[in-house]
Amino acid sequence: MKRIGILTSGGDSSGMNAAVRAIARSAMNAGLEAYGINYGYKGLVEGNIFKMESHQLDGIIDRGGTILYSARFPEFAEQETQLKGIEQLKKFGIDALVVIGGDGSYHGALKLTKLGFNSIGVPGTIDNDIPGTDFTIGFDTAVNVATEALDRINDTATSHQRVFVVEVMGRGAGDIALWSGIAAGADAIVIPERDYDIKAIADKLTANREHGKDHGLVVVAEGVMSAQDFKEKLDQYGEFDSRAITLGHVQRGGVPTPKDRVLASRFGDYAVRLLLEGKGGLAIGIHDNQLVATDIIDTLENHKHQTDVSLADLNDRLSF
Ligand code: ATP
C-alpha cells in the first residue's frame, strides 16, 4: 500500500481537522502518501484530489470546520456514481480511503467497501449518533457550546423570572440535549428516545414556582419538535412568561475541545495502523476508553446507536 485518501463528508464537526492531521501524519510517518479529497463524495467523483504536504497540516488541530470542506451529495447513493468515485481513486493510485463523517457518510464508505474498495469510517458528527462507538468527534465541543449558551440563558431566565425552551441539535439522537441539559441544570430534557408529557412538565414548572423557583429551563432535542412549537404547547398548560430559542449552527463550529482533538488523533492514527495491517471495511470507535474497530457492514446494517436514556432519569431525579 502506497497512498491513503482522506475525505470529510456530511455535517462538519469540530475536531475533523485533528482527524485529517492524524491520518495524514500517521500515513507519512509510515512512509505512505496522503491524498486529500475536497468536498466529500462530490469532490471524489469530480477528481478534486491533491497530494497533502506535511506543512498543510500545521496549525489545523485547533481549527473548527474542515480544511477538506464538506458537501451533501445524494447522487452518491447510486452505484454508477460510486463506480466513478472508485475510478478516480484508481486514477490517483489511492489504495485505501478513510472517510470522516456521520451515518450517511458511513453508508458511502460501506458501498465502496462492498464494491471492493477498502474504506474505513471515522465517526465525525456532533450528534453522537453512530453505531460502533461511545463517542464521535465533535460531540464534546458541541456539548460545551450548548452548555455555555444554556448557562447564559439561565442568567437572563433568573433575572426576568422566565421559562426558556431551548432547542439543541440532534435529529435522531438526544445526546446533546441530555449532556448539555444535565450540565446546565435543566428542569426538563425532552429527547426522541423517551416518551414525554408536556402537561407534566408544565405542572412541574408551576410547582417549582410555588416552591420559590420562578424561572425554568426546558431543553428540547431538534428531533422532537421545534422550540417554538414546544413553547406554544407548554403555554396551554400554565401561565408562563416563556421564550423559545433555537441554538442552531453555533453548535457546529468553534475551537475543538482537547477531548475532541485527542479522540480525533487516536481515531486517525488507529485507522492508518489498521490499514497498514491490511485491514479495511471497518468502522472505528471507542468503547470504555478502548479503541475498537468493527465490520462496517455489520455495524451499519445490524446495529443502532444507543443513547444512554438513564441520563434522562438522572435529570428527573435531580431537577425539582
Ligand atoms: P451528519 O448526520 O452529521 O450531518 P452524515 O454523514 O450523516 O453527517 P449525510 O448528509 O446523511 O450526513 O451524508 C453525507 C453524504 O454521504 C451524502 O451527501 C452522500 O454523499 C453520502 N451518502 C449518504 N447516504 C448514502 C448512501 N445510502 N449510499 C451512499 N452514499 C451515501
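Including glycine, each Cβ sits where the backbone N, Cα and C put it.
Residues annotated as domain 'Phosphofructokinase' in TrEMBL: 3-275. Residues annotated as ATP binding site in TrEMBL: Gly11, Arg72, Phe73, Gly102, Asp103, Gly104, Ser105. What TrEMBL records for Arg21, Ala22, Ile23, Ala24, Arg25, Gly185, Ala186, Asp187, Lys213, Asp214, His215 is ADP binding site. The annotation Mg(2+) binding site is assigned in TrEMBL to Asp103. Residues or ranges marked as substrate binding site in TrEMBL: Thr125, Ile126, Asp127, Arg162, Met169, Gly170, Arg171, Glu222, Arg243, His249, Val250, Gln251, Arg252. What TrEMBL lists as active site, proton acceptor is Asp127.
Mapped onto this structure are the features recorded in TrEMBL.
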residue : record                 : DSSP class
Arg21   : ADP binding site       : helix
Phe73   : ATP binding site       : coil
Gly102  : ATP binding site       : coil
Ala186  : ADP binding site       : coil
Arg243  : substrate binding site : strand
Val250  : substrate binding site : helix
Among the binding-site residues Gly11, Arg21, Gly102, Ser105, Met169, Val250, which have a Cβ atom lying under 6 Å from any atom of ligand 1?
Gly11, Gly102, Ser105
Among the binding-site residues listed here (His215, Arg243), identify the one with the smallest other-Cβ count within 10 Å.
Arg243
So how many other Cβ atoms are close to Gly102 (ATP binding site), meaning within 10 Å of its Cβ?
23
For the binding-site residues Asp103, Asp127, which one has the sparsest Cβ surroundings, going by other Cβ atoms within 10 Å?
Asp103
Tell me, if you would, which residue among Gly11, Gly104 (binding-site residues) has the fewest other CB atoms within 10 Å in the structure shown?
Gly104
Closest to Phe73 (ATP binding site): which of the binding-site residues Ala186, Lys213, His215, Val250, going by Cα position?
Val250
Secondary structure of His215 (ADP binding site) (DSSP, helix/strand/coil):
coil
Which whole number of Å gives the largest C-alpha distance between any two of Gly11, Arg72, Phe73, Gly102, Asp103, Gly104, Ser105, the residues noted as binding ATP?
14
Fewest-neighbour residue among binding-site residues, criterion Cβ within 10 Å, set Arg25, Lys213:
Lys213
What is the biggest Cα to Cα gap, in Å, among Arg21, Ala22, Ile23, Ala24, Arg25, Gly185, Ala186, Asp187, Lys213, Asp214, His215, the residues listed as binding ADP?
54
Recorded substrate site residues Thr125, Ile126, Asp127, Arg162, Met169, Gly170, Arg171, Glu222, Arg243, His249, Val250, Gln251, Arg252, farthest C-alpha pair in Å:
33
Fewest Cβ neighbours within 10 Å, where candidates are the binding-site residues Ile23, Met169, Ala186, Val250:
Val250
What subset of the binding-site residues Gly11, Arg21, Gly102, Gly104, Lys213, His215 lies within 10 angstroms of Arg252 (substrate binding site), using C-alpha positions?
Gly11
Surrounding CB atoms that lie within 10 Å of the CB of Arg72 (ATP binding site), all protein chains:
14
Just to verify a number: CA distance, Ser105 (ATP binding site) to Thr125 (substrate binding site), in angstrom, no decimals.
10
